[in-house]
Amino acid sequence: MSASLEKGVNALKQQVDSSVAAFFSSCVHCGMCADTCLFQTETGNPASTPIAKAEPLRRVWKSEYTLLGRIGKMFGLSKKVDEKLLTEWETMVYDNCTLCGRCSMVCPVGNDIALMIRKTREGMAAAGHAPEGLIGATNRSIKIGSPMGVKLPALLAQIRHLEEDTGLKVPVDVEGAEYMLLLSSMEIMNFPEFMEAIARIFDKAGATWTISSEAFEATNSGIQIGVSDLAAELVQRVVDAAEKLKVKTVISPECGHAYMAIRWDGPNLVGKAFSFKVRHILEVLDTFREEGRLKLKDKISEKVTYHDPCQISRRGGVIDQPRRLIDLFADDFVEMPDAGKMNWCCGAGGGVSSNERADEVRLQVFKRKKAQLEEVQPDAIISACSNCRIHIEDGLEEYGMDIPLMSLTETLAEHLADD
Amino acid sequence: MASHSDKEKTLGDVLRSHGVSRRSFMKYCATTASMMAMSPAMIPMIAEALENAKKPSVIWLSFQECTGCTESLTRAGASTVENLIFDSISLDYHHTLQAASGHRAEEAKEEAMHENHGKYLLVVDGSIPMDNPGYSTIAGISNYDMLMEAAEGAAAIIAVGTCATYGGLPKASPNPTGAVSVSDLIKDKPIINVPGCPPIPVVITGVLTHFLTFGALPELDDLGRPKAFYGQSIHDRCYRRPFYDKGLFAETFDDEGAKAGWCLYKLGCRGPTTYNACATTKWNNGTSFPIESGHPCLGCSEPEFWDGGGFYKALSIPTADVGETVLYTAAGAAAAGVALGALNRATKGSANKAHEKVTLEDLEK
Amino acid sequence: MNEIALLEWVRGTGFQIATVVLVAGVIIRIFEILMLGRKKNLAEAKGSEFSSGMRTIVSRSVPESDSFKRSAFTIVAGYIFHIGLFVTIFLFAPHILLISELTGLGWPALPTPIVDAVAVLSIIALLAILVHRFNNKILRYLTTPGDLFIWFVTIAPLITGYIAFHRIGMSGPMLLAVHILSVELLMVVLPFSKLTHVFTIFMARWYNGAISGYRGVQS
């Protein structure tokens, strides 16, 4: 066994806990998870069956943690995790799964399959079987501080532009601010309107906030590629900055996996409960709404729908907030079928968008979102994840559909009362 | 007992001399035909065969038995045609029934065996002790030797009763005499098993009738029993079956269910696994059978019925004492489980220890 | 060995062996799984692990609507044979007697013709499931020889029970012996195969509900 394979198998061994053992013990191969996964429904590829993607982890569980498996291993009967398996499985685990967790909601025996695949990635990555694109993104995140290679001067330049254009103030490194905002690189480079919207809303709501020059990046490639060690390093940067600035709450921006990384995985990765709170921007805005700190001047008349980013709604627990917020500025709101915790993934989360090898399949599986959209025929789509946003725009273009996609935060900011 | 001079007479002659009317004779033939599942067209054939049959020589050997089988046959009821048929064979040797005793009796047997060599019917009741021949002897001859000698010249052997057919009570655990059945010892003669403790009389005469009519044994099942009588289970023909199907069971011998005549399954009835004609032919001139008297079937005509667990335990209940086993097993398994759980923790612990920080270089491989 | 002796063996020694393996197997598997433990979640909770887990144990039995449309056959056939197994195992008079003898617990039985009909339905459902397994591309991909063996182990007691009840082909004691033997096979195999889901399903569903519930989503 090569050193890297050994490292991978060891990582898989580390991933097995009582939940994983209960999950694998319960699977009856009914195949229902396949029907919940857009990578299967839209491609018909049986290898895309969610539970099948966790095969490397299953083999380790079986041979290392079960009585029968141990006996089988003694007689050389157990199925081994080898280079061939990992090579074969790499595309299934990374290119054909967004960790959206829809399968976890349906599995009749209750397996959290997305968790099992997420854990499988730990072994794949440690064994050197992660896709090039994700390795690059992780590399840039660790070395530069952003998966897209965005450096602090670029952020500061964007802030300067913004402040000049709008007269709004974007506080940087302000100690004692209530909120510390994290941003995804995409928001910095592609959607600077987001920062503007935050500045506007927080100004109107009278909340103090800041951006840290030492940890402004929200995304966490370590989570996507499945390397807890590196993910922890990225989370630690945020923790250090938040503690240094003594903020009460860290805000995760409109980015799905970033929320998962900092809100739910973060404390577990660094092995310590946070001294501050972590909230998604929609949660913060909803609190403002509840406290009457959001005053809107008008409503839009278009028929709008909301795309639930998987890691924010199904895997994150922020489901009702966006709907209450949309109610503030939209009269004609329609839900897509399966909306909410059963929503279909756009097809590019969980690192798929950073993995060029998956470009074809992610557009292929977009047909699911397309079908959902066709059913409700909205004038505009609202979402709260830059990654979903870019991919949905990509998909709409691919299939010749012309529906504008708006950020919830940005749209809200546009309709704030002037006073 | 038939007298010596009767030997040349046909069965028809004997029956007539006993005053059996043609009518009741034909009725017997019809009953036999229907019991043995033969077509009505066969009735005249049976009648004719019986009419003209020469009285066959029958030698009856009794080994380790209780004479219950003989009692069953001879005291089945009033003077029936069955009894007469039984009367009209030439029963040349039968301990209990023959008048002769001592040397005389043995000589009669020798003579019959000699005279009818290859033609006589051998009836056996009782099991044969194999541990020590001294356990059961007749005229100083061991049961085994007597059986083997008599079997040699027999046309066929009828094993009567559960002891002769399956070893019966003598063979019950721990089988102190090493009892075996007739079919355990004899492999080269046609054997017909008529099990029951005791067997139903009409079954014996039915088999005899068949032999007399066709000169051959009736169709047998894989336990050597005539299918005509042992083809259906007690349960299948039980008049209480509808209660079983409805789920109505007597729980005790004196509850409302018992009084209402509900199914006796819960009281241990062996009806479902017992193949016999009790439920149709009944006993004591067709008066009733055990279940009709409110007692579950014991399964007396099945092999090893004595050792089949308590008679009053329902058939679906395991005979083993599982309760205690489960207790010990659970305790042992809990210990083994903790050990295996600890092993799992150790495996994971060493995996955690073996963990080296995954670096960017690792990703590139 | 004659059939009555075989019947005695399966009711005695055989049943004892099967019970020992079943009880020991289940206990061992439970320890094996639970002793692995789970790290304490350090993230600030948004919901209760315990109650969400308990709720998922129940709620996961009700299929989600889109999933029902897409997996209708699996769900319907699955429901039929699971209910069928429940009815035939737990509501058939002779079986209740067995259970009450072993545990002291008893309850009323269903009339046998109803149990009989349910058994037939379950057998049909299981046969259809096998056909589906071979005809469906995904299931063909997932299916291992082990799945087929477990299918056999599951349907065998139903079929042998059905023919024992109706006495088809063999004599009563033989049929009963074969039926009990098939159940004993099931008991022996259960703790060491995917049939463990009969008890691990409660753990798996609880973990699923707990993981999700902690984040404020009822799964």
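From the backbone N, Cα and C atoms, a Cβ is placed for every residue, glycine too.
A TrEMBL annotation is a machine prediction, not a hand-curated record.
Quick look at what TrEMBL lists:
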type    : residues                               : note
BINDING : B:Cys66, B:Cys69, B:Cys163, B:Cys197   : [4Fe-4S] cluster 1 binding site
BINDING : B:His235, B:Cys238, B:Cys263, B:Cys269 : [4Fe-4S] cluster 2 binding site
BINDING : B:Cys278, B:Cys297, B:Cys300           : [3Fe-4S] cluster binding site
DOMAIN  : B:66-210                               : domain 'NADH:ubiquinone oxidoreductase-like 20kDa subunit'
DOMAIN  : B:230-309                              : domain 'Cytochrome-c3 hydrogenase C-terminal'
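Positions of TrEMBL features highlighted on the structure.
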residue: B:Cys66; record: [4Fe-4S] cluster 1 binding site; DSSP class: coil
residue: B:Cys163; record: [4Fe-4S] cluster 1 binding site; DSSP class: helix
residue: B:Cys197; record: [4Fe-4S] cluster 1 binding site; DSSP class: coil
residue: B:His235; record: [4Fe-4S] cluster 2 binding site; DSSP class: helix
residue: B:Cys263; record: [4Fe-4S] cluster 2 binding site; DSSP class: strand
residue: B:Cys269; record: [4Fe-4S] cluster 2 binding site; DSSP class: coil
residue: B:Cys278; record: [3Fe-4S] cluster binding site; DSSP class: helix
residue: B:Cys297; record: [3Fe-4S] cluster binding site; DSSP class: coil
Which residues, sitting 6 or more apart from B:Cys300 ([3Fe-4S] cluster binding site) on the same chain, put a CB under 8 Å from its CB? B:Thr162, B:Pro195, B:Gly196, B:Cys197, B:Thr274
Can you figure out which of B:Cys66, B:Cys69, B:Cys163, B:Cys297 (the binding-site residues) comes closest in space to B:Cys238 ([4Fe-4S] cluster 2 binding site), comparing Cα atoms? B:Cys297
Write down the Cα-Cα distance for B:His235 ([4Fe-4S] cluster 2 binding site) and B:Cys278 ([3Fe-4S] cluster binding site), rounded and given in Å. 10
Say we define neighbours as other CB atoms within 10 Å of the CB. Which of the binding-site residues B:Cys66, B:Cys69, B:Cys197, B:Cys263, B:Cys269 has the fewest? B:Cys66
If we check Cα distances from B:Cys269 ([4Fe-4S] cluster 2 binding site), which of the binding-site residues B:Cys66, B:Cys69, B:Cys163, B:Cys297 wins as closest? B:Cys297
Tally every other Cβ atom lying within 10 Å of the Cβ atom of B:Cys163 ([4Fe-4S] cluster 1 binding site). 30
Cα within 10 Å of B:Cys297 ([3Fe-4S] cluster binding site) - qualifying binding-site residues among B:Cys66, B:Cys69, B:Cys163, B:His235, B:Cys263: B:His235
Whole-number Å distance between the CA of B:Cys69 ([4Fe-4S] cluster 1 binding site) and the CA of B:His235 ([4Fe-4S] cluster 2 binding site)? 24
Candidates B:Cys278, B:Cys297: member of the binding-site residues with the richest Cβ shell (10 Å): B:Cys297
Neighbour count (Cβ, 10 Å) for B:Cys238 ([4Fe-4S] cluster 2 binding site): 24
